[in-house]
Amino acid sequence: MRIAILSQGPQLYSTKRLVEAAQARGHDVHIINPLKCYMNINMRQPSIHIAGKELPQFDAVIPRIGASITFYGSAVLRQFEMMGVYTINDSVGISRSRDKLRSMQLLSRKGIGLPITGFANKPSDIPDLIDMVGGAPLVVKLLEGTQGIGVVLAETRKAAESVLEAFMGLKANIMVQEYIKEANGADIRCFVLGDKVIAAMKRQAKAGEFRSNLHRGGTATLVKLSPEERTTAIRAAKTMGLSLAGVDLLRSNHGPVVMEVNSSPGLEGIEAATQKDVANAIIEFIEKNANKAKS
């Protein structure tokens, strides 16, 4: 098969592992920077070009689109879809998952466990917003943030009011969530592929930090999931319309709650913590499903 990996980072661990796994299984792999692509949107023969040359036909695409280029990256992916190319995650699923508020609304509608979440526009609504999520401590999140950036723990009501007023003054889109104290600074990353969780790790925040992201110094260890956690992760990925997803859960007193569904989960942390060949599993999944899509 000829496989395209949409990525700006050929040197990144996840991209390199996917290339290695695909080549080891005899596939022709190309890393394509979506920002270098331009498109001919044509009802008869849609095409994608780079530097004056039309790209050849691909059998499958693996999107590794960074959050900062979601709009253009999704447009390029849509063009591949128009050309009949199999994509492990489609443009609609990626767009859904990148919109944190929309994600929460979709998951809530499906009855999937979530932290109590509030959203407002006017500073005059701040007192009600704080009460809505159970008061302080609470978590304030920038809707556009990634890797723990733009996530603030407000430990007192006064701090929460100050942070919310500051963000609203900057016209930033934010949401407020209850603080799940019993999680003790740990979350669980479930790696969902199709209708299975193929790997899972517990991420523990470093001392003095509440964000467990590995980019912020958190540590990862193998974890055993409960049946409810496994089911929640699979349902969350399916709700977003994603075949491949990193679903982040917290263990709360009322069961697992979903914090985020990531459409482009990194492989380095999960492969190191679980010693599983996740990259190979992804390529195997593509082989099976790309061929199914053709038949």
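Heads up, the Cβ atoms here are built off N, Cα and C, so glycines get one too.
If you look up Swiss-Prot, you'll see 104-287 marked as domain 'ATP-grasp'. The ATP binding site annotation in Swiss-Prot covers Lys141, Glu178, Tyr179, Asp187, Arg211, Ser212, Asn213 and rests on sequence analysis. The Mg(2+) 1 binding site annotation in Swiss-Prot covers Asp248, Glu260, and the record cites sequence analysis as its basis. The feature Mn(2+) 1 binding site is assigned by Swiss-Prot to Asp248, Glu260. The annotation Mn(2+) 2 binding site is assigned in Swiss-Prot to Glu260, Asn262 on the grounds of sequence analysis. Swiss-Prot lists Glu260, Asn262 with the feature Mg(2+) 2 binding site, giving sequence analysis as the kind of evidence.
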Whole-number Å distance separating the Cα atoms of Glu260 (Mg(2+) 1 binding site) and Glu178 (ATP binding site) is 14
Rounded to a whole number of Å, the separation of the Cα atoms of Glu178 (ATP binding site) and Asp248 (Mg(2+) 1 binding site) comes to 16
If you measure between the CA atoms of Asp248 (Mg(2+) 1 binding site) and Asp187 (ATP binding site) and round to the nearest Å, you get 7
Excluding its own, the Cβ atoms lying within 10 Å of the Cβ of Lys141 (ATP binding site) add up to 21
If you measure between the CA atoms of Asp187 (ATP binding site) and Asn262 (Mn(2+) 2 binding site) and round to the nearest Å, you get 14
If you measure between the CA atoms of Asn262 (Mn(2+) 2 binding site) and Tyr179 (ATP binding site) and round to the nearest Å, you get 20
Restricted to the domain 'ATP-grasp' (104-287), the mean pLDDT of the model is 92
For Tyr179 (ATP binding site), the nonlocal same-chain Cβ neighbours (under 8 Å, six or more residues apart) come out as Ala136, Pro137, Leu138, Val139, Leu153
In the three-state DSSP scheme, Asn262 (Mn(2+) 2 binding site) belongs to strand
